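Copied over from TrEMBL, here are the features:
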- 545-561: compositional bias 'Polar residues' (COMPBIAS)
- 23-396: domain 'K+ potassium transporter integral membrane' (DOMAIN)
- 408-634: domain 'K+ potassium transporter C-terminal' (DOMAIN)
- 512-567: region 'Disordered' (REGION)
- 32-51: transmembrane segment (TRANSMEM)
- 71-90: transmembrane segment (TRANSMEM)
- 102-122: transmembrane segment (TRANSMEM)
- 148-167: transmembrane segment (TRANSMEM)
- 179-199: transmembrane segment (TRANSMEM)
- 219-250: transmembrane segment (TRANSMEM)
- 271-291: transmembrane segment (TRANSMEM)
- 297-321: transmembrane segment (TRANSMEM)
- 328-346: transmembrane segment (TRANSMEM)
- 358-377: transmembrane segment (TRANSMEM)
């Protein structure tokens, strides 16, 4: 279903949620703060998606030096780069195919690390199990002081990956995530770390490369190969999460329109964005070549992950208050426990800011600037268009004023507005006083459901008098629906438009017959059918035949009119379909500040010119495209 509304019974939680929501919406500072937090979190997830492949693959490949000590670090780096190239190349196949391919591998991986951990525990030192006593935590910090606090920056790397679980909820249901995490992942990872601790009790000098050194000799090569494949899978999960969150940012107007490919018909979150995949892959390879070791990348990675944790906690608190309407005690308990814990870890790992920790903030600064710029101008442009729309009831006057001629063919003017006449249309007929014989204001809308039935794909509405043959059309697509090829789209659109005309004529005919029957019963002269300002299109012949009460004649004229209209549509489609798009140049007003001029005139213009153009994202053929230039001053 497109929407599902329900009425909630008044409660104290509901009143609190409404009060809190009203305060947020009425405060400009609160809205800016929420927006800043959201795009900062999105930027950090993007940075996470870039750093995870780099550190995971480089860490896995580094193990080869155990058996091949002659390999230099440079050679290890280039092997990692080759694997990263392969990783980002297979993203286009989608999460489903990649996941099914590697599912057996990750299962073997968890069995291996659990088995190796259990082996080390039994062979080296079972006494490490005493570490589950919380008192040892207190003693650890008493004994190490500041060094213990600094070490938390390395401890946080043990829980990285959990920040990507939101992506799993876009791919699987909640129960599947709970079973796999609690039944497989958590026990395997805990056994692995316990085994490494037991190994280090006997061989503390091997702390630099504990994992590979603790592997029994016969299992080294199988574990090494599975480790590389597992690193690829771990990277795949974060990349899927980055794609999923960016697709939401696109729908909110925070990024330029790029091609989003839904790789699953069942789950909305499984998407692939070619341009983003290329940029993240390039950034990951550059980071690997520049930093060369997992130590520096780990510092950046840790800061990125903990910052994502902290932002998620703050935004989740808002969700618990406004959306879930939880009791205030639970909200405060959640915020204090998680927020305080994350701030302790964040304060620790920020001490590594100079040793590579600055990298995610550089990523975030660039991405936040781009996202904030695009969103600011996008909103300003939308409101400019909305403030300058022409009411639909002025269509006739607009055409007569510019002495507009009708030319053969079908014209489709794309616009985001679904009400009124967009300002680009008066601009078009002023410069070129001609409009196609059949003209449609076309809006493409994507709904949060998998599919929209073909019968419900197009919504039509008459614009102006019927004889002008100007319509508004909203084309609705689900997230799994692919845009049709231009030829198929035009044919399908024409068929649905003919059906719309047939239905409207039938409604008009029914109204006319009802009026005639009412007039006969009351022995009064028939009144003309009501003209609707909405989507109902009445038959001209039915309106003119005021003196006739013969329903058969009305039916004949109505049917004849509908057939003529449908034949006209077929002829005009054969003559050609032309797609019109507004080529809007946005510039800052002459009295704008220097900062605003830089943002609007340079950064926004650079993004608009160098990323995917709208007609490419909408699969519009270039030889049938006509761009109408217009400049908005904001």
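Using the three backbone atoms N, Cα and C, a Cβ is placed for every residue, glycine included.
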*Taking contact to mean three or more C-beta pairs under 8 angstroms, with sequence separation of 6 or more, is the transmembrane segment (271-291) in contact with the transmembrane segment (179-199)?*
no
*Per the 3+ Cβ pairs under 8 Å rule, pairs at least 6 apart in sequence, do the transmembrane segment (328-346) and the transmembrane segment (297-321) touch?*
yes
*the transmembrane segment (179-199) in contact with the transmembrane segment (102-122), cutoff 8 A, at least 3 CB pairs, sep 6+*: yes
*Sort out for me which stretch, of 32-51, 71-90, 297-321, 358-377, has the most Cβ pairs below 8 angstroms to the transmembrane segment (219-250).*
32-51
*asked:* For the transmembrane segment (297-321), give me same-chain residues lying six or more residues beyond its boundaries with a C-beta closer than 8 angstroms to one of its C-beta atoms, as numbers and ranges.
replied: 16-17, 20, 24, 34, 37-38, 40-41, 44-45, 47-48, 51-52, 54-55, 58, 153-154, 156-157, 160, 163, 166, 287-288, 291, 330-331, 334-335, 338-339, 342-343, 345-346, 349-350, 352-353, 355-361
*Taking every residue in the domain 'K+ potassium transporter C-terminal' (408-634), what is their average pLDDT?*
75
